[in-house]
Amino acid sequence: MLWALTTARAVLGHRTAGWVRTMASHSLLVAPPAALSKPLFIPSRLLLGPGPSNLTPRVMAAGGLQVLGHMHQEVYQIMDEIKQGIQYVFQTRNPLSLAISGSGHCALEAALFNLLEPGDSFLVGVSGIWGQRAQDIAERIGARVYPMVKAPGGHFTLQEVEEALARHKPALLFLAHGESSTGVLQPLDGYGELCHRHQCLLLVDSVASLGGAPVYMDQQGIDVLYSGSQKVLNAPPGTSLISFSNKAKNKIYARKTKPVSFYLDIQWLANFWGCDDKPRTYHHTTPVTSLYSLRESLAHLAEQGLENSWRQHREASEYLHACLQGLGLQLFVKDPALRLPTITSVVVPTGYDWRDIVKYIMDHHDIEIAGGLGPSAGKVLRIGLLGGNATRESVDRVTRALREALQRCPRSKL
């Protein structure tokens, strides 16, 4: 017996050495990073920029739960509950409502990749960075793009849109409901009906506005609506919400060419999310723990109620506006009716470098605010009151920080 064990060890030893030589056929060039041997440290900050926002305890707890397989029945149940939550927050009965495994940019691409084919006419409202991005994406897939351009702070009237619809005869119109780069709230009433009179579909970006300002997808005639997880929903970045009307669905299913992205092919995603009444087929591995968090964020908003959330953001933003004006600062959007309740844009005060103000507030108060973005860069400061951060306490903290920054930051006399 002893001889047999000794022989077995010798044989296994030779085999193990062979396996090691086979697996490690080269010496390692890169050593384990020293930084990864240190504990992870995350500072405590109040995120009052345009997003992401601070996570609620409920959402953080959901994100810490054990992962399940993305095709387990329990995960399918969570996906079904997310769909119902999307229908509630969008105020739609569209069966084709689902979450995208990607940020709001991913949802915008999903909409354009599936609705537009090469040569299709696309009308884009460009009053900030999100119209610019929609234009860029559509040009990449060969659409004929017609931008309606407004200076930062502007919006599009029904008359302007009707004239452009009649001139360009587009298949699709893009409008950003909440233009986070400028702080403008684009009106939506009447635009869907206008588009449909011109045989055009209406695509709306509500990433910065959902939950903070009223939007009624079905009643406003919106054909495609999308939003993100990381703003009013107070969920981690990386998932987005999207819904398609029957008219939009019919256009997608009647395509002559395949969408340019398999990952964002809505026909595949509709099946995977259980939107087509067929047995679900594997499409991709969803970020399961992010779905837990998204489900809980939608549940929180449903429990609070949309009307209460809209009122909370309106009241908090009005209080912020009064405090900012009390500091002698000028609001960038002149018309109060066009001010986005979730993200307020402030004219950079004369003589200051906006970067100094943002850095001072971060370094001395652990509060994030932001400068402009895209066409508003260098022109504005942006302060976000998103979801649970839309409180008088948040406003008081950022007001004190701003007052101190204006006293301490260098100011040019030119």
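Using N, Cα and C of the backbone, Cβ positions are placed for all residues, glycine too.
Marked as substrate binding site by TrEMBL: Arg382. Per TrEMBL, the feature domain 'Aminotransferase class V' maps to 68-397. The annotation N6-(pyridoxal phosphate)lysine is assigned in TrEMBL to Lys231.
Each of the recorded positions Lys231, Arg382 was scored by other CB atoms within 10 A of its CB, and the lowest score goes to Arg382.
Taken together, the residues of the domain 'Aminotransferase class V' (68-397) have an average pLDDT of 97. Lys231 (N6-(pyridoxal phosphate)lysine) sits 14 Å from the residue listed as 'substrate binding site', taking the C-alpha atoms as the reference points.
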